[in-house]
Amino acid sequence: MKNLLKLSAIAILAASAVSTFASNKEPYTEQGTNAREMTEQKPIHWISVEQLKKELEGKAPINVSFDIDDTVLFSSPCFYHGQEKYSPGKNDYLKNQDFWNEVNAGCDQYSIPKQIAVDLINMHQARGDQIYFITGRTAGDKDGVTPVLQKAFNIKDMHPVEFMGGRKLPTKYNKTPGIIEHKVSIHYGDSDDDILAAKEAGIRGIRLMRAANSTYQPMPTLGGYGEEVLINSNY
């Protein structure tokens, strides 16, 4: 009986100690986080290049398309320069043809190719797939983008870039006609419009993550339309 009383007393003291350590001396003043929250993952359909490769094994070559900005190239320096030059603090520069003439003439020689794009394009070319680039950019008076992309990604059978911006189109999303015209099976892009254009065309859209320091803000919601999202695709 005495032993039982001793054990009960010890248990009470231990519980009291745990309670003391667990209690907050003062309420938090900021939202903060904890180790458990930091490791939580959203229920997103993540996919890897290796998984895609295995999935496509044994299948006939297909046509695939890529958006350019924040998908295959980190081109924010060009857009930052354009905004500072043509409309500081505003996005009016995106409607200025002089900006598009300048950026498309050769600014992308200073853009950084994303490693995820290198990996994807290498995988698709090894399969014999055709690669197309479909961008929301407005065409300039000179296309300096196509040769930059061909060199950066070692494209064997290069097709001219499709500039869809500023065109009157019969679809809701401006990349949809290009996707349909080239009989694309998979379209890769970072923006909501990329995923929605793929849906409009009735094909598979796969999201690439946008770099956190991109000038293209706000950031889109990954998996917001139920699309697959490539892991480690922000660089």
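Cβ coordinates are placed from backbone N, Cα and C, and glycine is handled just like the others.
So that you can see what the record holds, here are the features copied from Swiss-Prot:
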ACT_SITE  Asp67  active site, nucleophile
ACT_SITE  Asp69  active site, proton donor
BINDING   Asp67, Asp69, Asp190  Mg(2+) binding site
BINDING   Thr135, Gly136, Lys175  substrate binding site
SIGNAL    1-22  signal peptide
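Structural mapping of features recorded in Swiss-Prot.
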| residue | record | DSSP (3 states) |
| --- | --- | --- |
| Asp67 | active site, nucleophile | coil |
| Thr135 | substrate binding site | strand |
| Lys175 | substrate binding site | coil |
| Asp190 | Mg(2+) binding site | coil |
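With a cut-off of 8 Å between CB atoms and residues at least 6 apart in sequence, the same chain places Asp67, Asp69, Met164, Gly165, Asn174, Lys175, Ser191, Asp193 near Gly136 (substrate binding site), listed in sequence order. Of all residue pairs in the substrate-binding list (Thr135, Gly136, Lys175), the one with the greatest Cα separation is 7 Å apart. Asp190 (Mg(2+) binding site) sits 11 Å from Thr135 (substrate binding site), taking the Cα positions as reference. Excluding Asp67, Asp69, Asp190 themselves, the residues of that chain whose CB lies within 8 A of the CB mean position for the Mg(2+) site are, in sequence, Ile68, Asp70, Thr71, Val72, Thr135, Gly136, Gly189, Ser191, Asp194, Leu208, Arg210, Tyr216.
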